[in-house]
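*Asks:* As listed in TrEMBL for this protein:
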{"type": "DOMAIN", "residues": "11-432", "note": "domain 'Amino acid transporter transmembrane'"}
{"type": "TRANSMEM", "residues": "12-29", "note": "transmembrane segment"}
{"type": "TRANSMEM", "residues": "35-57", "note": "transmembrane segment"}
{"type": "TRANSMEM", "residues": "92-114", "note": "transmembrane segment"}
{"type": "TRANSMEM", "residues": "120-137", "note": "transmembrane segment"}
{"type": "TRANSMEM", "residues": "144-166", "note": "transmembrane segment"}
{"type": "TRANSMEM", "residues": "191-209", "note": "transmembrane segment"}
{"type": "TRANSMEM", "residues": "221-240", "note": "transmembrane segment"}
{"type": "TRANSMEM", "residues": "269-296", "note": "transmembrane segment"}
{"type": "TRANSMEM", "residues": "359-376", "note": "transmembrane segment"}
{"type": "TRANSMEM", "residues": "382-401", "note": "transmembrane segment"}
{"type": "TRANSMEM", "residues": "413-432", "note": "transmembrane segment"}
Amino acid sequence: MAFLTLEDIKISFNLFCVVYGVGTLGMPANYARAGYYWATGALVLMAAINLYATVALSKVMLAAPKYVKTYGDIGEWVDGRFGRFITTLSQLLVCCLNPIAFLVLGGSLLQVLFPDTFTTTVWIILMALSLVPICMMPSLKESAGAATAGALGTIIADAVALYVLLDNMSDIPEGLSAPKPALSFDGVTSVFGNLSLGYAAGVLVPALQREHTQPERMPRVILLTLGACTVLFFMVSLIGDHNVGCQIPGNLLFSIAGTKLGFVAPRGAIVIAFLMMHLHISVVFAIDLFPTFYIFERVLFGFHKQIFTLETGEAPAYIDNETPKEETTTSSAVVSKVDAPVAVYASSTDYLKACTMRLVQITISTIIAIVWQNHFLDLLDFVGASSAALGCMILPVWFHLKVFYKDMGLLEKSWSIFVIIFTSALAIYVSISTGKKLFAPTIADPTILFPYCPAEFQKMVYLNTTYYGKP
(Lines of atoms letter the chains of each structure in order from A and count residues from 1; the text may use other names and numbers.)
(Lines give C-alpha, C1' and ligand atoms only; values in the text may rest on other atoms or scores of the structure.)
Protein backbone atom coordinates (compact mmCIF):
# COMPACT_ATOMS: atom_id res chain seq x y z
CA MET A 1 0.00 0.00 0.00
CA ALA A 2 1.35 3.41 -0.99
CA PHE A 3 2.32 5.71 1.86
CA LEU A 4 0.51 8.59 0.13
CA THR A 5 -1.71 8.35 -2.91
CA LEU A 6 -2.43 11.15 -5.36
CA GLU A 7 -5.84 11.55 -3.75
CA ASP A 8 -4.20 11.83 -0.33
CA ILE A 9 -1.97 14.60 -1.63
CA LYS A 10 -4.92 16.52 -3.07
CA ILE A 11 -6.86 16.28 0.20
CA SER A 12 -3.74 17.28 2.13
CA PHE A 13 -3.24 20.29 -0.11
CA ASN A 14 -6.84 21.43 0.35
CA LEU A 15 -6.52 21.08 4.13
CA PHE A 16 -3.24 23.01 4.13
CA CYS A 17 -4.67 25.81 1.98
CA VAL A 18 -7.51 26.44 4.40
CA VAL A 19 -5.50 26.10 7.63
CA TYR A 20 -2.53 28.28 6.69
CA GLY A 21 -3.92 31.81 6.96
CA VAL A 22 -4.01 35.00 9.01
CA GLY A 23 -3.23 33.10 12.20
CA THR A 24 0.43 33.05 11.13
CA LEU A 25 0.66 36.84 11.48
CA GLY A 26 0.43 36.57 15.26
CA MET A 27 2.84 33.63 15.67
CA PRO A 28 5.99 35.72 16.35
CA ALA A 29 3.99 37.79 18.84
CA ASN A 30 3.39 34.60 20.83
CA TYR A 31 7.12 34.53 21.54
CA ALA A 32 7.12 38.25 22.26
CA ARG A 33 4.43 37.75 24.90
CA ALA A 34 5.38 34.41 26.43
CA GLY A 35 9.12 34.10 25.85
CA TYR A 36 11.01 31.32 24.08
CA TYR A 37 10.40 28.46 26.50
CA TRP A 38 6.76 29.11 27.36
CA ALA A 39 5.84 29.88 23.73
CA THR A 40 7.64 26.80 22.41
CA GLY A 41 5.99 24.63 25.05
CA ALA A 42 2.60 26.10 24.17
CA LEU A 43 3.16 25.48 20.46
CA VAL A 44 4.18 21.85 21.03
CA LEU A 45 1.28 21.19 23.40
CA MET A 46 -1.28 22.86 21.15
CA ALA A 47 0.08 20.96 18.15
CA ALA A 48 -0.32 17.67 20.04
CA ILE A 49 -3.85 18.55 21.17
CA ASN A 50 -5.00 19.71 17.74
CA LEU A 51 -3.48 16.78 15.87
CA TYR A 52 -5.13 14.39 18.31
CA ALA A 53 -8.48 16.21 18.20
CA THR A 54 -8.59 16.41 14.41
CA VAL A 55 -7.67 12.75 13.97
CA ALA A 56 -10.22 11.86 16.66
CA LEU A 57 -12.97 13.61 14.70
CA SER A 58 -11.94 11.69 11.58
CA LYS A 59 -12.20 8.40 13.48
CA VAL A 60 -15.64 9.34 14.81
CA MET A 61 -16.83 9.98 11.27
CA LEU A 62 -15.41 6.64 10.15
CA ALA A 63 -17.48 4.92 12.83
CA ALA A 64 -20.65 6.88 12.04
CA PRO A 65 -23.45 5.74 9.70
CA LYS A 66 -23.09 6.74 6.07
CA TYR A 67 -25.79 9.40 6.24
CA VAL A 68 -23.67 11.36 8.75
CA LYS A 69 -21.93 13.81 6.43
CA THR A 70 -21.49 17.18 8.11
CA TYR A 71 -20.07 18.34 11.42
CA GLY A 72 -23.58 19.10 12.61
CA ASP A 73 -24.64 15.56 11.71
CA ILE A 74 -21.82 14.18 13.86
CA GLY A 75 -22.91 16.36 16.76
CA GLU A 76 -26.50 15.13 16.55
CA TRP A 77 -25.45 11.50 16.05
CA VAL A 78 -23.41 11.58 19.24
CA ASP A 79 -25.31 14.03 21.47
CA GLY A 80 -28.72 14.52 19.91
CA ARG A 81 -30.21 17.97 19.36
CA PHE A 82 -27.85 19.58 21.83
CA GLY A 83 -24.88 18.18 19.91
CA ARG A 84 -26.15 19.72 16.69
CA PHE A 85 -26.84 23.01 18.42
CA ILE A 86 -23.38 23.33 19.97
CA THR A 87 -21.53 22.33 16.78
CA THR A 88 -23.63 24.78 14.80
CA LEU A 89 -22.99 27.53 17.32
CA SER A 90 -19.21 27.03 17.23
CA GLN A 91 -19.16 27.15 13.42
CA LEU A 92 -21.47 30.15 13.32
CA LEU A 93 -19.23 32.08 15.71
CA VAL A 94 -16.12 31.36 13.65
CA CYS A 95 -17.86 32.28 10.40
CA CYS A 96 -19.18 35.55 11.86
CA LEU A 97 -16.08 36.68 13.77
CA ASN A 98 -13.43 35.79 11.19
CA PRO A 99 -14.74 38.26 8.56
CA ILE A 100 -14.62 41.03 11.16
CA ALA A 101 -10.93 40.28 11.72
CA PHE A 102 -10.41 40.29 7.94
CA LEU A 103 -11.98 43.75 7.63
CA VAL A 104 -9.80 45.08 10.46
CA LEU A 105 -6.66 43.67 8.86
CA GLY A 106 -7.68 44.75 5.35
CA GLY A 107 -8.35 48.33 6.42
CA SER A 108 -4.95 48.53 8.12
CA LEU A 109 -3.18 47.06 5.09
CA LEU A 110 -4.83 49.49 2.68
CA GLN A 111 -3.92 52.48 4.81
CA VAL A 112 -0.25 51.46 4.63
CA LEU A 113 -0.44 50.70 0.91
CA PHE A 114 -2.02 54.09 0.17
CA PRO A 115 -0.67 56.52 2.77
CA ASP A 116 -1.99 60.06 3.12
CA THR A 117 -5.32 59.11 1.55
CA PHE A 118 -7.96 57.87 3.98
CA THR A 119 -8.13 56.78 7.59
CA THR A 120 -8.35 53.12 8.56
CA THR A 121 -12.06 53.59 9.23
CA VAL A 122 -12.71 54.78 5.69
CA TRP A 123 -10.60 51.96 4.23
CA ILE A 124 -12.58 49.37 6.22
CA ILE A 125 -15.80 50.79 4.76
CA LEU A 126 -14.37 50.86 1.23
CA MET A 127 -13.11 47.30 1.54
CA ALA A 128 -16.50 46.10 2.74
CA LEU A 129 -18.16 47.86 -0.21
CA SER A 130 -15.72 46.22 -2.64
CA LEU A 131 -16.64 42.79 -1.28
CA VAL A 132 -20.41 43.33 -1.51
CA PRO A 133 -20.77 42.14 -5.16
CA ILE A 134 -19.31 38.69 -4.49
CA CYS A 135 -21.41 38.40 -1.34
CA MET A 136 -24.54 39.07 -3.40
CA MET A 137 -23.97 36.02 -5.61
CA PRO A 138 -26.72 33.42 -5.08
CA SER A 139 -24.17 30.77 -4.14
CA LEU A 140 -20.46 30.38 -3.66
CA LYS A 141 -18.58 27.12 -3.44
CA GLU A 142 -14.98 27.27 -2.30
CA SER A 143 -12.81 26.07 -5.19
CA ALA A 144 -9.33 24.63 -5.19
CA GLY A 145 -8.18 27.70 -7.11
CA ALA A 146 -9.52 30.09 -4.48
CA ALA A 147 -7.99 28.07 -1.65
CA THR A 148 -4.66 27.93 -3.48
CA ALA A 149 -4.62 31.67 -4.08
CA GLY A 150 -5.39 32.34 -0.44
CA ALA A 151 -2.67 30.03 0.88
CA LEU A 152 -0.04 31.25 -1.59
CA GLY A 153 -0.88 34.82 -0.68
CA THR A 154 -0.20 34.10 2.99
CA ILE A 155 3.02 32.18 2.28
CA ILE A 156 4.42 34.96 0.08
CA ALA A 157 3.40 37.68 2.55
CA ASP A 158 5.04 35.83 5.45
CA ALA A 159 8.18 35.05 3.45
CA VAL A 160 8.68 38.65 2.30
CA ALA A 161 8.06 40.08 5.77
CA LEU A 162 10.46 37.61 7.41
CA TYR A 163 13.17 38.22 4.80
CA VAL A 164 12.97 42.00 5.21
CA LEU A 165 12.99 41.63 8.98
CA LEU A 166 16.05 39.37 8.99
CA ASP A 167 17.90 41.49 6.45
CA ASN A 168 17.44 44.69 8.44
CA MET A 169 17.85 43.27 11.94
CA SER A 170 20.95 41.16 11.32
CA ASP A 171 23.65 43.75 12.08
CA ILE A 172 23.45 43.67 15.88
CA PRO A 173 26.20 45.59 17.70
CA GLU A 174 28.40 43.48 19.94
CA GLY A 175 27.09 43.23 23.46
CA LEU A 176 23.44 43.74 22.51
CA SER A 177 20.75 41.09 22.37
CA ALA A 178 17.01 41.11 21.80
CA PRO A 179 15.14 41.97 25.01
CA LYS A 180 13.07 39.27 26.68
CA PRO A 181 9.39 39.83 27.47
CA ALA A 182 7.99 40.85 30.82
CA LEU A 183 6.33 37.51 31.56
CA SER A 184 2.85 37.46 33.04
CA PHE A 185 0.09 34.89 33.36
CA ASP A 186 -2.07 36.84 30.90
CA GLY A 187 0.79 37.05 28.41
CA VAL A 188 1.48 33.32 28.50
CA THR A 189 -2.15 32.20 28.37
CA SER A 190 -3.05 34.64 25.59
CA VAL A 191 -1.04 32.60 23.07
CA PHE A 192 -3.73 29.92 23.42
CA GLY A 193 -6.21 31.97 21.40
CA ASN A 194 -3.86 32.62 18.49
CA LEU A 195 -2.72 28.99 18.33
CA SER A 196 -6.33 27.78 18.49
CA LEU A 197 -7.19 29.93 15.49
CA GLY A 198 -4.06 28.83 13.63
CA TYR A 199 -4.99 25.16 13.96
CA ALA A 200 -8.73 25.55 13.34
CA ALA A 201 -9.07 22.52 11.07
CA GLY A 202 -11.73 20.44 12.78
CA VAL A 203 -14.71 21.80 10.89
CA LEU A 204 -13.04 20.91 7.58
CA VAL A 205 -12.65 17.20 8.26
CA PRO A 206 -16.19 15.97 7.46
CA ALA A 207 -16.25 17.65 4.03
CA LEU A 208 -12.78 16.47 3.04
CA GLN A 209 -13.28 12.95 4.39
CA ARG A 210 -16.57 12.62 2.54
CA GLU A 211 -14.77 13.35 -0.74
CA HIS A 212 -12.06 10.74 -0.15
CA THR A 213 -12.68 7.36 -1.82
CA GLN A 214 -10.64 5.71 0.96
CA PRO A 215 -11.66 7.66 4.07
CA GLU A 216 -9.73 5.30 6.34
CA ARG A 217 -6.56 7.01 5.06
CA MET A 218 -7.64 10.40 6.40
CA PRO A 219 -5.95 10.13 9.84
CA ARG A 220 -2.57 9.78 8.14
CA VAL A 221 -3.31 12.70 5.81
CA ILE A 222 -4.34 14.86 8.77
CA LEU A 223 -1.23 14.02 10.78
CA LEU A 224 1.12 14.79 7.89
CA THR A 225 -0.63 18.02 6.90
CA LEU A 226 -1.00 19.51 10.36
CA GLY A 227 2.51 18.32 11.17
CA ALA A 228 3.81 20.32 8.20
CA CYS A 229 1.77 23.33 9.32
CA THR A 230 3.30 23.01 12.80
CA VAL A 231 6.80 23.12 11.33
CA LEU A 232 5.90 26.25 9.35
CA PHE A 233 4.29 27.89 12.40
CA PHE A 234 7.46 27.17 14.37
CA MET A 235 9.68 28.61 11.62
CA VAL A 236 7.60 31.78 11.29
CA SER A 237 7.63 32.22 15.06
CA LEU A 238 11.37 31.73 15.52
CA ILE A 239 12.46 33.78 12.51
CA GLY A 240 10.09 36.61 13.41
CA ASP A 241 11.27 36.63 17.02
CA HIS A 242 14.97 36.31 16.13
CA ASN A 243 16.93 39.51 16.89
CA VAL A 244 13.67 41.32 17.71
CA GLY A 245 12.46 39.63 20.88
CA CYS A 246 9.60 41.24 22.74
CA GLN A 247 9.68 44.22 20.37
CA ILE A 248 8.08 42.31 17.49
CA PRO A 249 4.64 43.84 16.75
CA GLY A 250 1.47 41.84 17.25
CA ASN A 251 1.06 41.68 13.46
CA LEU A 252 4.10 40.36 11.57
CA LEU A 253 3.42 42.54 8.53
CA PHE A 254 3.58 45.73 10.57
CA SER A 255 7.12 44.88 11.66
CA ILE A 256 8.29 46.01 8.21
CA ALA A 257 5.98 49.02 7.95
CA GLY A 258 6.98 52.23 9.67
CA THR A 259 10.20 52.91 11.54
CA LYS A 260 9.52 51.52 15.04
CA LEU A 261 12.27 48.92 14.67
CA GLY A 262 14.83 51.45 13.46
CA PHE A 263 14.86 50.72 9.73
CA VAL A 264 12.93 51.69 6.61
CA ALA A 265 11.94 48.66 4.55
CA PRO A 266 11.98 48.83 0.72
CA ARG A 267 8.63 50.10 -0.44
CA GLY A 268 8.37 47.35 -3.05
CA ALA A 269 8.70 44.63 -0.42
CA ILE A 270 5.99 46.23 1.72
CA VAL A 271 3.64 46.49 -1.26
CA ILE A 272 4.17 42.84 -2.27
CA ALA A 273 3.70 41.50 1.26
CA PHE A 274 0.62 43.59 1.94
CA LEU A 275 -0.99 42.90 -1.45
CA MET A 276 -0.48 39.15 -1.01
CA MET A 277 -2.13 39.19 2.39
CA HIS A 278 -4.91 41.38 1.03
CA LEU A 279 -5.44 38.77 -1.68
CA HIS A 280 -5.82 36.12 1.00
CA ILE A 281 -8.38 38.00 3.08
CA SER A 282 -10.38 39.01 0.00
CA VAL A 283 -10.68 35.34 -0.98
CA VAL A 284 -11.65 33.99 2.43
CA PHE A 285 -13.99 36.83 3.47
CA ALA A 286 -16.93 35.63 1.39
CA ILE A 287 -16.08 31.95 1.89
CA ASP A 288 -16.42 32.41 5.64
CA LEU A 289 -19.60 34.50 5.45
CA PHE A 290 -21.64 32.36 3.04
CA PRO A 291 -22.55 29.60 5.52
CA THR A 292 -23.95 32.24 7.88
CA PHE A 293 -25.95 33.73 5.00
CA TYR A 294 -27.67 30.40 4.40
CA ILE A 295 -28.35 29.78 8.08
CA PHE A 296 -29.90 33.21 8.66
CA GLU A 297 -31.87 33.02 5.41
CA ARG A 298 -33.37 29.75 6.56
CA VAL A 299 -34.15 31.04 10.06
CA LEU A 300 -35.57 34.41 8.95
CA PHE A 301 -37.20 33.60 5.61
CA GLY A 302 -37.54 29.80 5.51
CA PHE A 303 -35.23 29.42 2.49
CA HIS A 304 -33.02 26.36 1.75
CA LYS A 305 -35.03 23.97 3.93
CA GLN A 306 -34.47 21.14 1.49
CA ILE A 307 -30.70 21.37 1.94
CA PHE A 308 -30.81 21.36 5.71
CA THR A 309 -31.90 17.73 5.96
CA LEU A 310 -29.92 14.58 6.52
CA GLU A 311 -29.66 12.37 3.47
CA THR A 312 -31.22 9.33 5.14
CA GLY A 313 -32.81 10.81 8.20
CA GLU A 314 -32.27 12.02 11.68
CA ALA A 315 -29.18 11.38 13.70
CA PRO A 316 -30.04 8.27 15.70
CA ALA A 317 -30.76 8.05 19.35
CA TYR A 318 -27.58 7.07 21.10
CA ILE A 319 -27.88 3.45 22.25
CA ASP A 320 -24.36 2.19 22.81
CA ASN A 321 -20.89 3.66 22.78
CA GLU A 322 -19.86 1.37 19.95
CA THR A 323 -23.05 0.66 18.02
CA PRO A 324 -25.34 3.66 17.64
CA LYS A 325 -28.75 2.71 16.31
CA GLU A 326 -29.87 4.10 12.96
CA GLU A 327 -33.35 5.57 12.57
CA THR A 328 -35.12 7.22 9.69
CA THR A 329 -37.00 10.31 10.85
CA THR A 330 -36.35 13.65 9.24
CA SER A 331 -34.06 16.15 10.89
CA SER A 332 -32.48 19.48 10.09
CA ALA A 333 -28.81 19.63 9.27
CA VAL A 334 -26.52 22.61 9.29
CA VAL A 335 -24.09 23.99 6.76
CA SER A 336 -20.47 23.57 7.68
CA LYS A 337 -17.83 26.18 7.03
CA VAL A 338 -16.76 24.55 3.78
CA ASP A 339 -20.08 23.01 2.83
CA ALA A 340 -22.10 26.03 1.75
CA PRO A 341 -24.98 24.54 -0.25
CA VAL A 342 -26.21 25.77 -3.58
CA ALA A 343 -28.72 28.47 -2.81
CA VAL A 344 -32.08 28.28 -4.61
CA TYR A 345 -34.41 31.27 -4.61
CA ALA A 346 -37.97 30.75 -5.81
CA SER A 347 -38.39 34.30 -7.08
CA SER A 348 -36.67 37.64 -7.50
CA THR A 349 -38.50 38.81 -4.38
CA ASP A 350 -36.91 36.03 -2.35
CA TYR A 351 -33.50 36.91 -3.77
CA LEU A 352 -34.08 40.59 -2.89
CA LYS A 353 -34.89 39.57 0.70
CA ALA A 354 -31.68 37.55 0.84
CA CYS A 355 -29.61 40.44 -0.55
CA THR A 356 -31.10 42.82 2.01
CA MET A 357 -30.29 40.43 4.86
CA ARG A 358 -26.73 39.99 3.56
CA LEU A 359 -26.23 43.75 3.34
CA VAL A 360 -27.41 44.11 6.93
CA GLN A 361 -24.98 41.40 8.05
CA ILE A 362 -22.04 42.97 6.18
CA THR A 363 -22.96 46.37 7.64
CA ILE A 364 -22.96 44.98 11.18
CA SER A 365 -19.59 43.30 10.57
CA THR A 366 -18.21 46.58 9.23
CA ILE A 367 -19.41 48.58 12.24
CA ILE A 368 -17.85 46.09 14.66
CA ALA A 369 -14.61 46.10 12.64
CA ILE A 370 -14.44 49.89 12.91
CA VAL A 371 -14.94 49.72 16.67
CA TRP A 372 -12.26 47.02 17.05
CA GLN A 373 -9.81 48.35 14.46
CA ASN A 374 -7.03 48.86 17.04
CA HIS A 375 -7.37 45.39 18.56
CA PHE A 376 -6.44 43.00 15.75
CA LEU A 377 -4.36 40.62 17.89
CA ASP A 378 -6.95 40.64 20.67
CA LEU A 379 -9.61 39.87 18.07
CA LEU A 380 -7.63 36.89 16.75
CA ASP A 381 -7.13 35.59 20.29
CA PHE A 382 -10.83 36.05 21.08
CA VAL A 383 -11.99 34.21 17.95
CA GLY A 384 -9.54 31.38 18.60
CA ALA A 385 -10.38 30.99 22.28
CA SER A 386 -14.14 31.50 22.08
CA SER A 387 -15.13 29.50 19.01
CA ALA A 388 -12.22 27.71 17.30
CA ALA A 389 -11.23 26.01 20.56
CA LEU A 390 -14.76 24.71 21.07
CA GLY A 391 -15.32 23.47 17.53
CA CYS A 392 -11.84 22.16 16.75
CA MET A 393 -10.56 20.78 20.07
CA ILE A 394 -13.13 20.37 22.82
CA LEU A 395 -16.04 18.91 20.82
CA PRO A 396 -13.98 16.49 18.65
CA VAL A 397 -12.25 15.02 21.71
CA TRP A 398 -15.57 14.78 23.57
CA PHE A 399 -17.27 13.03 20.63
CA HIS A 400 -14.35 10.60 20.31
CA LEU A 401 -14.35 9.88 24.04
CA LYS A 402 -18.07 9.17 24.05
CA VAL A 403 -18.09 6.97 20.95
CA PHE A 404 -14.95 4.93 21.70
CA TYR A 405 -14.94 5.00 25.50
CA LYS A 406 -15.15 1.20 25.89
CA ASP A 407 -12.26 0.61 23.48
CA MET A 408 -9.90 3.27 24.83
CA GLY A 409 -7.10 2.50 27.26
CA LEU A 410 -6.71 4.29 30.56
CA LEU A 411 -3.88 6.48 29.24
CA GLU A 412 -5.90 7.72 26.27
CA LYS A 413 -8.96 8.30 28.43
CA SER A 414 -6.86 10.35 30.84
CA TRP A 415 -5.37 12.35 27.96
CA SER A 416 -8.80 13.05 26.49
CA ILE A 417 -10.19 14.22 29.82
CA PHE A 418 -7.10 16.40 30.35
CA VAL A 419 -7.52 17.96 26.90
CA ILE A 420 -11.19 18.76 27.50
CA ILE A 421 -10.61 20.28 30.94
CA PHE A 422 -7.40 22.12 30.00
CA THR A 423 -8.70 23.63 26.77
CA SER A 424 -12.08 24.51 28.30
CA ALA A 425 -10.43 26.34 31.20
CA LEU A 426 -8.07 28.26 28.92
CA ALA A 427 -10.84 29.00 26.41
CA ILE A 428 -13.01 30.55 29.12
CA TYR A 429 -10.15 32.52 30.68
CA VAL A 430 -8.71 33.86 27.41
CA SER A 431 -12.17 34.67 26.04
CA ILE A 432 -12.93 36.74 29.14
CA SER A 433 -9.48 38.35 29.16
CA THR A 434 -9.50 39.35 25.48
CA GLY A 435 -13.21 40.10 25.59
CA LYS A 436 -12.57 42.81 28.18
CA LYS A 437 -10.07 44.43 25.81
CA LEU A 438 -12.59 44.32 22.97
CA PHE A 439 -15.80 45.26 24.77
CA ALA A 440 -14.34 47.52 27.47
CA PRO A 441 -11.09 48.87 25.97
CA THR A 442 -8.83 51.23 27.84
CA ILE A 443 -6.91 54.09 26.24
CA ALA A 444 -3.38 52.92 25.53
CA ASP A 445 -0.36 55.11 26.17
CA PRO A 446 0.73 56.27 22.68
CA THR A 447 4.36 56.50 23.77
CA ILE A 448 4.52 52.76 24.48
CA LEU A 449 5.55 51.08 21.24
CA PHE A 450 6.42 47.64 22.61
CA PRO A 451 3.90 46.65 25.30
CA TYR A 452 5.23 43.11 25.74
CA CYS A 453 8.64 44.31 26.96
CA PRO A 454 9.88 45.39 30.39
CA ALA A 455 9.33 49.10 31.04
CA GLU A 456 12.84 50.12 29.99
CA PHE A 457 12.39 48.67 26.47
CA GLN A 458 8.82 49.79 25.79
CA LYS A 459 9.46 53.14 24.11
CA MET A 460 12.48 52.67 21.85
CA VAL A 461 14.01 49.87 19.79
CA TYR A 462 16.84 48.27 21.74
CA LEU A 463 19.32 48.92 18.91
CA ASN A 464 19.24 52.67 19.58
CA THR A 465 22.41 52.82 21.66
CA THR A 466 22.18 56.60 22.00
CA TYR A 467 18.77 56.38 23.68
CA TYR A 468 19.97 53.70 26.09
CA GLY A 469 23.29 55.44 26.75
CA LYS A 470 25.44 52.60 25.44
CA PRO A 471 28.62 52.98 23.38
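Yeah, the Cβs are placed from backbone N, Cα and C, and that goes for glycine too.
Since the structure is predicted, the reported quantities are computational estimates derived from the model, not experimental observations.
Looking at the shown structure, can you explain where the listed features end up?
*Replies:* Nonlocal intrachain contacts for the transmembrane segment (12-29), taken as residues 6+ away from its ends with a CB within less than 8 angstroms of a stretch CB, comprise 4, 101-102, 105, 142, 144, 147-148, 150-151, 154-155, 158, 194-195, 197-201, 204, 208, 221-222, 224-226, 228-229, 232-233, 236-237, 239-241, 244, 248-253, 255, 277, 280-281, 284, 338, 377, 380-381, 384, 452.
Within its own chain, the transmembrane segment (35-57) has Cβ neighbours under 8 Å at 74, 180-181, 183, 188, 191-192, 195-196, 199, 201-202, 205-206, 219, 222-223, 226-227, 230, 233-234, 237, 241, 392-393, 396-397, 399-400, 415-416, 419, 422-423, counting only residues six or more beyond its boundaries.
Cβ atoms under 8 Å from those of the transmembrane segment (92-114) belong to residues 22, 25, 120-121, 123-124, 126-128, 200, 203, 251, 253-254, 257, 270-271, 274-275, 277-278, 281-282, 284-285, 288-289, 291-292, 295, 337, 365-366, 368-369, 372-373, 375-376, 379-380, 382-383, 386-388, 390-391 of the same chain, restricted to positions at least 6 beyond its ends.
Residues 13-14, 16-18, 20-22, 24-25, 236, 239-240, 242-244, 252-253, 255-256, 261, 265-266, 269-270, 272-274, 276-280, 283-284, 287 of the same chain lie 6+ residues outside the transmembrane segment (144-166) yet bring a C-beta within less than 8 angstroms of a C-beta in it.
Tertiary neighbourhood of the transmembrane segment (191-209): same-chain residues 11, 14-15, 18-19, 22-24, 26-27, 29-30, 33-34, 38-39, 42-43, 46-47, 50, 53-54, 57-58, 61-62, 69-71, 73-74, 90-91, 94, 215, 218, 222, 226, 229, 233, 336-339, 377, 380-385, 388-389, 391-393, 395-396, 426-427, 430-431, 434, selected by CB-CB distance under 8 Å and a gap of 6+ residues from either end.
With a threshold of 8 Å between CB atoms, the same-chain residues lying at least 6 positions outside the transmembrane segment (382-401) that come near it are 23, 49-50, 52-54, 56-57, 59-60, 71, 74-75, 78-79, 83, 86-87, 89-91, 93-94, 97-98, 101, 192-203, 408, 413, 416-417, 419-420, 423-424, 426-427, 430-431, 434-435, 438.
Distant neighbours of the transmembrane segment (413-432): 49, 52-53, 56, 189-190, 192-193, 196, 381-382, 384-386, 389-390, 393-394, 397-398, 400-401, 405; these residues of the same chain sit at least 6 beyond its ends, with a Cβ under 8 Å from one of its Cβ atoms.
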*Asks:* Give residue numbers and ranges for long-range contacts of the transmembrane segment (221-240): same chain, 6 or more residues beyond its ends, CB-CB under 8 A.
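*Replies:* 4, 8, 11-12, 15-16, 19-20, 24, 27-28, 30-31, 39-40, 43, 47, 50-51, 54-55, 58, 158, 161-162, 165-166, 195, 198-199, 201, 205, 212, 248, 252, 255.
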